[in-house]
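*Asks:* This is the structure I want to talk about, given as structure tokens.
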Amino acid sequence: MNIQGLTIAYKQKVAIDDVTLQIATGKLTGIVGPNGAGKSTLLKGMMGLVPREKGQVTLDNKPLTYWRKKIAYVPQRSEVDLTFPITVFDMVLLGTYPALGLIKRPGKKEKQLAFDALEQVEMTAFSKRQIGELSGGQLQRVFIARALAQHAEIFFLDEPFAGIDMASEALIMKLLKKLRDNGKTIVVVHHDFHKVAAYFDDIILLNKKLVAHGPVEQTFTEEKIQFAYGDAPVAFAAGV
């Protein structure tokens, strides 16, 4: 996946400034940086969910939007209307819709895919619950299940571990590593320094501009972190 000169601005204020990099296929890549660095904006800009001032994102010489059906997106929980009357099962079933198109409705095959995805995140017992009745960790598992039901090749996740229980985080991380091992490409906005080395193959260190990008052991260094965070207090945790 190639990102070339990506620039994004809100109300004439630059949020992402001329970012160019290449994300490796079949890797777990984390986007790391201080608050306000543009991490979520970069993720959304790559998918075309926010307007770009300039730049392009391509895969196999085609715009990333061309591959929309092969891309699964897990948003931040705050972006989801939890009052919407939809059950856990139906939420996961939505993951099968991209492959169906506009006319077809989910059948037996799609329902089995949704059930299998719920099994993987250990949420079958909650299938008839309304999504608004779930805890943060349970809801995040459901979002992951929806992505699994899509059978995507590329997964974008925006702060999937924020405010969830440790058991849910461990289960989700195990699933992401399994997807990676099966050749899927996964990009995660992340904030916990202590887990970067354990979770990711590569990282994108960002502060509106690209500070560094590459394998964790080469990129997640004290010098580069200090450059990204400036005077903000940061406890260096590479290798932890």
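For all residues, glycine too, the Cβ spot is worked out from N, Cα and C.
Here the structure is a predicted model, which means the values were calculated and not measured.
Straight from Swiss-Prot, here's the annotation block:
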| type | residues | note |
| --- | --- | --- |
| BINDING | G33, P34, N35, G36, A37, G38, K39, S40 | ATP binding site |
| DOMAIN | 1-233 | domain 'ABC transporter' |
*Asks:* Beyond G33, P34, N35, G36, A37, G38, K39, S40, what residues of that chain have CB atoms within 8 A of the centre of the ATP site's CB atoms?
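*Replies:* For the ATP site the neighbour list reads T41, L206, N207, K208.
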*Asks:* On average, what pLDDT score does this prediction assign to the domain 'ABC transporter' (1-233)?
*Replies:* 94
*Asks:* Using a 10 Å cut-off, grab the number of neighbouring Cβ atoms around the Cβ of N35 (ATP binding site), all chains included.
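*Replies:* So the number of other Cβ atoms within 10 Å of N35 (ATP binding site) is 8.
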*Asks:* Given the binding-site residues P34, G36, and counting only Cβ atoms in the protein chains shown, which has the most within 10 Å of its Cβ?
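*Replies:* Selected residue: P34.
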*Asks:* Including all protein chains shown, what's the count of other C-beta atoms within 10 A of the C-beta of A37 (ATP binding site)?
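*Replies:* There are 22 of them.
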*Asks:* In the three-state scheme derived from DSSP, which category covers G33 (ATP binding site)?
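*Replies:* SS state of G33 (ATP binding site) = coil.
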*Asks:* Non-local Cβ contacts of S40 (ATP binding site) (under 8 Å, 6 or more apart, same chain)?
*Replies:* Q76, D158, E159, V189
*Asks:* How many neighbouring Cβ atoms, not counting its own, are there within 10 Å of the Cβ of K39 (ATP binding site)?
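*Replies:* Summing over all protein chains shown, K39 (ATP binding site) has 24 other Cβ atoms within 10 Å.
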*Asks:* Does DSSP give G38 (ATP binding site) helix, strand or coil?
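*Replies:* Once the DSSP labels are grouped into three classes, G38 (ATP binding site) ends up as coil.
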